[in-house]
Amino acid sequence: MAQATISITVNGEAKEVEATTTGVELFAEDKNIIAVKINGENRDLYTPLADGDTVEPITLDSEDGLAIMRHSATHVMAQAVQEVYPNAKLGVGPVIKDGFYYDFQVDKPFTPEDLKDIEKRIQRIIKSSQSFRRRSVTEEEALKEEADQPFKIELIEDKEAHLDPAAATEISEKELSFYDNVDRDGNVVWKDLCRGPHLPNTRYIKAFKIERSAAAYWRGSEKNPTMQRIYGTAWATKDDLKAYQTRLEEAAKRDHRKLGAEMDLFSFPDEIGPGLAVFHPKGAAVINAMEDYSREMHRKHHYSFVQTPHITKGGLYETSGHLHWYKDGMYPAMHLDEEYDADGNVTKPGFDYYLKPMNCPMHNLIFKSRQRSYRELPLRLFEFGTVYRYEKSGEVHGLTRVRGLTQDDSHIYCTREQMKDELTSLLTFVLNLLKDFGLSDFYLELSTKDPDKYVGSDEIWEEATRTLREVAEASHLDLVADPGGAAFYGPKISVQARDAIGRTWQVSTIQLDFNLPERFQLEYIAKDGTHQRPVMIHRALFGSIERFFAVLLEHYAGAFPAWLAPVQVLGVPVADEFAPHLAGFVKSLEDEMVRCEIDYSDDRFGKKIRNASKSKVPFILIVGEEDMNNNAVSFRFRDGSQLNGVPVDKAREQILAVIAKRVQVNSADDFNAAVAE
């Protein structure tokens, strides 16, 4: 009797295969294939194929393959933890960038020795070649199997758990399933609630490393129990793992928190609170240079500068929608202005005031403060506006995630006819300014509507999204989709920049908004005399001053280009008798607004040079007897190269030229090339 067959499409080609075929048989000859994409959905190799299926292989070294392998690694890690702590309660184990984590409720935090023991057990499990086998279950069956796992029970009973990105690794909207870890004898040695997919077996986990552990709240809420989270990473090859660890080592050297302390740039005093940075004189010098250049460029592009208060009545954020959509990210209300009589009775009701989380509502009030004409549009309002956002204490991170931040915030009001041209010129302005700060490798991300969290009509959102996409595509930069990633009031383009070691940072955002003008009843008088709504564009070029400062600090590893450097010139006299000559030259630079210091310490000259090199100053100026006699100075650069005996007038001219050109100079060759242009 002939074997029944089915028709499938594999990599675009039609094939007839036996009806019982799975991905295991289909791709048996290629051991690098670890899963399949069936009709666009990632599935295990063991998944039976059906007539009409479209099948694509997933290789271990692909993006999908790495994600599947890392998720399988979380199961192995959880199995190892429960070998050590049989009573550990399991949370969730999602894949994150370059790795994964798993949350556990245990009696005490994991120690470094615990993690070493767990990692050894992981290696034994991997070598045992356990297979991952999926089985579907009913809710009743799942609850019975997880009777001693309260966090899993919560996920099973939560009908919207699949909407939680971390929980979605466990729970599917369609059905519940478990994955069994099966040993070579066919025995189930461990299991976990999971939607999958997974590797065929543990031997495909080629390069694995536990990285660290930390406390975390269950499902990210401070109201929930504290879990112990173990982070790990896994890669397709040991060489890939080694390269990743090298990148981590380089990133650690560039960590802005470390450099900020070493270079005396900023701090986070406990007396002030988490996420609230204090910039020291040298850090503030960099901030001022960033802001001054930004102001200069905004003036050239016809922006109007405004200034708004840090606190406002809550009604403003009711109008804007922030209190409905964003209240959890705002500081609590302060009830003020209430008046009482002698008996304590309220004679005048007060108001709830809020620290502002965003500047846009106040800018809308400026637009609305008088009648506007089409002749005034586009109106570009700009402010370095400080805002306050309540980030959980466990989520603040250096300058990249803070509670108080200053945005280079602009809101542009234009007609619909002006919208596309304005967005095009705005994106060009943004990219050019970022290049002036030394970032040049970009791609764009288009964030579109979250169907569960938006205001305004679908038609308006579609128009806004289409226009942003056209502008982004016209830039000829790579465009990546971010479905559902937009704020509640409009779609946005974000500029993603790669730094000196290849990491990606979100910097600028450009957000189109048809909704806030409606909520604030903003109008202008059109050419035909009718009242029309303006289009509103939100734009933050740096994102925030604090975050962009951190990005630049890590990008340059503290060695800022001269125009941004906290100290641009450091003078080091060979001996005390040469200090007056050096001081006179430094004074002439300070008169030109160059940021200078002189080392007058009692240290030996060699130590002064070592200290100067550690400070990452772009220009170390040395004066000895020959320099003094010839009215000259000598340059020492970051790489140790020197230019000796440069006449002071020429040296001053060259230093000012390099600063004005905003170029990076780390060596004598760089310097000569810069001044020769």
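Numbering starts at 1 and runs along the chain as displayed.
The backbone N, Cα and C atoms fix where each Cβ goes, and this holds for glycine too.
The model shown is predicted, which means the values in this text are computed figures rather than measured ones.
Taken as a whole, the domain 'TGS' (1-59) shows an average pLDDT of 89 in this prediction. If you look up Swiss-Prot, you'll see 1-59 marked as domain 'TGS'.
The region 'Catalytic' feature in Swiss-Prot is assigned to 255-561; the stated evidence is sequence analysis.
On its own chain, HIS538 (Zn(2+) binding site) has CYS360, ASP409, SER410, HIS411, GLY490, LYS492, THR509, ILE510, GLN511, ASP513 as residues at least 6 apart in sequence with a Cβ closer than 8 Å to its own Cβ. The Zn(2+) binding site annotation in Swiss-Prot covers CYS360, HIS411, HIS538.
All chains included, 25 other C-beta atoms sit within 10 angstroms of the C-beta of HIS411 (Zn(2+) binding site). For the recorded Zn(2+) site, residues CYS360, HIS411, HIS538 set the reference point as the centre of their Cβ atoms, and the other residues of that chain within 8 Å of it by Cβ are MET358, ASN359, HIS363, ASN364, ASP409, SER410, GLN511, ASP513, LEU516, MET536, ILE537, ARG539.
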